């Protein structure tokens, strides 16, 4: 038959070209198609029939989505897929969003990414495990509650604060949950996890004790980040750095008290000698216990031209410091840092107090003088030096960030970051040990919630020793896949910077650290019996019991008697709660299924590299020596569409509810619906920062609008088609239809692979290219005549309908995980599915290996090259008003083109359909006589078959001339003998009706 299998001149099983066809739009020439107003033949033309709307305007989009959710069983889908008898399981563990405030676009980005992954895996045949959760405890909620209560908050008991915090968290959870459901997120909504749930808290306490029992949890007096504004210790993950913070940096003299032997030999004693120190935290000077140097570095004794005094500082810093102090230094001598050993200097505020000179590796030459002031209670490295050399670690600052009485009467009760700093600087001036003060703008840690600066102060806290855990964790991370790969290094670097993990907080809204403290001695009590008792109470009644039950019920005699313990009345429950990163970091133990308790995927924002990803890893490695995840995906943050941070002051905050349902002024903030939000997420490069704004959302809506048009064409043109009875066998289809199935299989394979790699952006780009270029601009424009003007049951028409059915199926399944509402809407309009189920209950894309015909690329691409030459020669004109003669020298190309047209001249051949002309003539040699008005176009085409084994370049000529035929009043092609008679094809179709 004319549309049969290509008769290619080589052995069966040949492989065609590996290059991809660059299909070009045919819009370069006018291509008129019949429409519903084709006069007396109107009723004989088979125009598309579908009730699927081209556009949903205004409220129609969000309303249609809600209708689809109801009609297609969105709420039952999760339980349906869990009940399937399938072998493979896919577990995505939901990192709990914080139960504080309204849903925002960051939530949308995160939840929609997870849902796309889950829906793909479910359609691909896996049983998806996805239990949403919320992080419910912690300082941000407590502070919010207290600030709303104002003065009333001062008189509240711990339990009153907890009750109000719980109510606040519950309200936020309900708001967020309803938004997530509205966005089409498929999840186990009936069994969410909450970190304030008693069963969750009990599991968390068991994990805590497992780590304690292994010697990983300990109580110690150490410097920690402390927030005076929140009156609690903070972990690194609870800090945010303010790059605009202004500190008062000072250069201070520490007078020499006792020189080391080497230094003694370099000075003559005629001038006073001081060690020069620079610090950005003047308030820590009163707590100084030592000055540190770098043993391997060179140091210098210099003479100051202004004062005549001798100073000691790093040799590399002499010029810089002299310039800063607006003086000149004359270098008297240089020596190695190690030569400072055993020397001491005077405390700059307490002359008779010695500060030893000590070697330390944390001293750098990047800033300052190469000599570092060391206050063990107020610096992590300082603490390390003090531990090594048994220095005092007295903390002079209380919970409110003010000096204690130990700091002396001049400083007592003064805030260290404000008036306290002023007084210290004045005291240094009085002591004549201040050389210079200047303002320094630098990055400084702030409390993530109160937005106020923190300090470092030593206090008794509970810590996890992560030194050993880190080694095992880093080894295990080598087996975890990170997307993008660079995220792994980021996580390891953050872990390396963390010396220990402070897990205690001095607040009440959280899980108590289950330890009892002796009333009079610095002793505490915790063992397996006390833990078992507390865990059972918490499991049944929640962690409120720690505050509501009397001590004798929390620590009953029978529990103590098991270990021969002391009287319970000597002990009281501790007042500290656990860090919320420990709360959420133990979620794997409560949520993950099966004995392995490992998730296939964790997917969160990049801030979780130092947060939840890390706390989950550390607790899991500590208790069971394995990572809780197999793959980790890290996405960026959301920004305004110009790449700026969103803020109320800039007026660029995008609220997802406004995106979905529209704002107050719907002309400015139209209702886009949830699918536009989902397309925006999928289309973004989520591995970097993600922009959102009106133009971005409009672009997403336009993409979906074009997709709807494509889908409407597909649905409308299969209205009279039943795949079971009307399909044409693939090998009997038109070449162009077979070719589209070949492209479709390639598309399906690529899209499936991209979903597996979680590269949803490439899925969108591939789909968009296919439905705009390959379908709308190319294939649809070619097949309209066959669809509209052939007989209803003509095999030529059924051939392209067979292709359209397969295209529709693949396209809908390809975008279903991204646009579930649109996918279901289309599924309801497919005419040959009488009782449509949900598209999500019918599996993933299915293609046939018989579609794979790479050799067809040579046939189609060669004709397209000729057609492009033809259309380019008649810009803006109707191609159907011209006839073409194609001249090809005998050989491979001629034989390939000949399979598209067996007659010499035809207006109905596959070749002419592709050329879109009035008629096409195929010749092996040029005609002898041509009229003067012809256009001659020359070209060459390289045939490449059998993976390059068969290569042949052929020349061709396309001769273009106006047709002598008239426009057929039915099909509008120029194939009729006169304008009032039908062309032969249409006459045959109409007479047969």
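Glycine is no exception: its Cβ is also placed from the backbone N, Cα and C atoms.
Pulled from Swiss-Prot, these are the features on record:
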type	residues	note
BINDING	645, 648	ATP binding site
MOD_RES	55	N6-succinyllysine
MOD_RES	55	N6-acetyllysine
MOD_RES	175	N6-succinyllysine
MOD_RES	214	N6-acetyllysine
MOD_RES	222	N6-succinyllysine
MOD_RES	222	N6-acetyllysine
MOD_RES	460	N6-succinyllysine
MOD_RES	481	N6-succinyllysine
MOD_RES	706	N6-acetyllysine
MOD_RES	756	N6-succinyllysine
MOD_RES	756	N6-acetyllysine
MOD_RES	762	N6-acetyllysine
MOTIF	97-107	motif ''HIGH' region'
MOTIF	645-649	motif ''KMSKS' region'
TRANSIT	1-29	transit peptide
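Each of the recorded positions 175, 645, 648, 762 was scored by other CB atoms within 10 A of its CB, and the lowest score goes to 648. Residue 706 (N6-acetyllysine): 14 other CB atoms within 10 A of its CB, across all protein chains. For the motif ''HIGH' region' (97-107), the residues of the chain that approach it from at least six positions outside its boundaries are 134-136, 138, 140-141, 144, 168-170, 172-173, 175-176, 179-180, 194, 605, 637-638, 646, 654-657, 659, 692, judged by C-beta separation under 8 angstroms.
In the predicted structure, the motif ''HIGH' region' (97-107) carries a mean pLDDT of 92. The Cβ of residue 222 (N6-succinyllysine) lies under 8 Å from the Cβ of 383, 458, 459, 461, 463, 500, 502, each of these being in the same chain and 6 or more residues away along the sequence. For residue 460 (N6-succinyllysine), the nearest neighbour among the recorded positions 55, 214, 648, 706, 762, judged by Cα separation, is 214. With respect to their backbone Cα atoms, residue 214 (N6-acetyllysine) and residue 481 (N6-succinyllysine) stand 29 Å from each other. According to DSSP, residue 481 (N6-succinyllysine) is assigned to a strand segment. The shortest Cα-Cα distance between residue 175 (N6-succinyllysine) and any of the recorded positions 481, 645, 648, 762 is the one to 648. The shortest Cα-Cα distance from residue 762 (N6-acetyllysine) to any of the modified residues (55, 706, 756) is found for 756. Recorded residues residue 55 (N6-succinyllysine) and residue 706 (N6-acetyllysine) have their alpha carbons 10 Å apart, per Cα-Cα distance. Nearest in space to residue 706 (N6-acetyllysine), taking C-alpha to C-alpha distance over the recorded positions 481, 645, 648, 756, is 756. With respect to residue 756 (N6-succinyllysine), the closest of these recorded positions in Cα terms is 481, chosen from 481, 645, 648.
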